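Q: Pasting in a structure now, in structure tokens, and then I'll have a few things to ask.
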Amino acid sequence: MARSKTSLGWLKRHVNDPYVKQAQKDGYRSRASYKLLEIQEKYKLIRPGMNVVDLGAAPGGWSQVTSRLIGGQGRLIASDILEMDSIPDVTFIQGDFTEDAVLAQILEAVGNSQVDLVISDMAPNMSGTPEVDMPKAMFLCELALDLAERILKPGGNFVIKIFQGEGFDTYLKDARKKFDKIQMIKPDSSRGSSREQYMLAWGYRGRSE
């Protein structure tokens, strides 16, 4: 079957992407590693000994970065619907995060010890039609925020990929009620054509009873 011009164009951009080449050189599994590295360089969100949950982890770029930064005294639980090759000292849970059974596995892995940081690079399979894609993307963001509320310790932080569009303003307003500080950034390593941004949320206020 012949490749479409669109897919061939993407492949050409991918092969020539400097971050793809750098990832291969540095031993990272994806160019996404540099988004987290850039966030880390500016904001120092990840520290040795932290307990962290990584959502939408496959192929493992963010988990690789996080595992190295938290070190042997830290703990990292990663989850994705796709398979992910193992990373030393990383607990991986494969399954659909939107299903209760998978969520229960994540909560069981976290146990009674609350976490310092939740990171999420999740995104649905994009069709290219915003009317279809945005509700799916926002649904994942809402579920990630719900989980963060359940497992973050007071003062904990949250980093999530989010797309500007319908539901964005409401989500931001909701997050501001739950965290002391919210900041939106677009890393240099994000593709210019992408609508993705990252929300950094500091200082979780704890669950209201």
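Including glycine, each Cβ sits where the backbone N, Cα and C put it.
The active site, proton acceptor annotation in Swiss-Prot covers Lys161. Summarising the annotation, Swiss-Prot assigns S-adenosyl-L-methionine binding site to Gly60, Trp62, Asp80, Asp96, Asp121 and lists sequence analysis as the type of evidence.
For each listed feature, how buried is it and what is near it?
A: Lys161 (active site, proton acceptor): 23 other CB atoms within 10 A of its CB, across all protein chains.
Within 10 Å of the C-beta atom of Trp62 (S-adenosyl-L-methionine binding site) sit 29 other C-beta atoms, taking all shown protein chains into account. When secondary structure is read from DSSP and collapsed to three states, Trp62 (S-adenosyl-L-methionine binding site) falls in the helix class.
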Q: Report, in whole Å, the straight Cα-to-Cα distance of Lys161 (active site, proton acceptor) from Gly60 (S-adenosyl-L-methionine binding site).
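A: So the Cα of Lys161 (active site, proton acceptor) lies 15 Å away from that of Gly60 (S-adenosyl-L-methionine binding site).
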Q: Going by DSSP, is Asp96 (S-adenosyl-L-methionine binding site) part of a helix, a strand, or coil?
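A: Reduced to three states, the DSSP call for Asp96 (S-adenosyl-L-methionine binding site) is coil.
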Q: Fill in the CA-CA distance, Asp96 (S-adenosyl-L-methionine binding site) to Lys161 (active site, proton acceptor), as an integer in Å.
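A: The Cα atom of Asp96 (S-adenosyl-L-methionine binding site) is 18 Å away from the Cα atom of Lys161 (active site, proton acceptor).
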Q: Between Trp62 (S-adenosyl-L-methionine binding site) and Lys161 (active site, proton acceptor), find the distance joining the two CA atoms and give it rounded to the nearest Å.
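A: So the alpha carbons of Trp62 (S-adenosyl-L-methionine binding site) and Lys161 (active site, proton acceptor) sit roughly 12 Å from each other.
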Q: Could you give the Cα-Cα distance between Lys161 (active site, proton acceptor) and Asp121 (S-adenosyl-L-methionine binding site), in whole Å?
A: 5
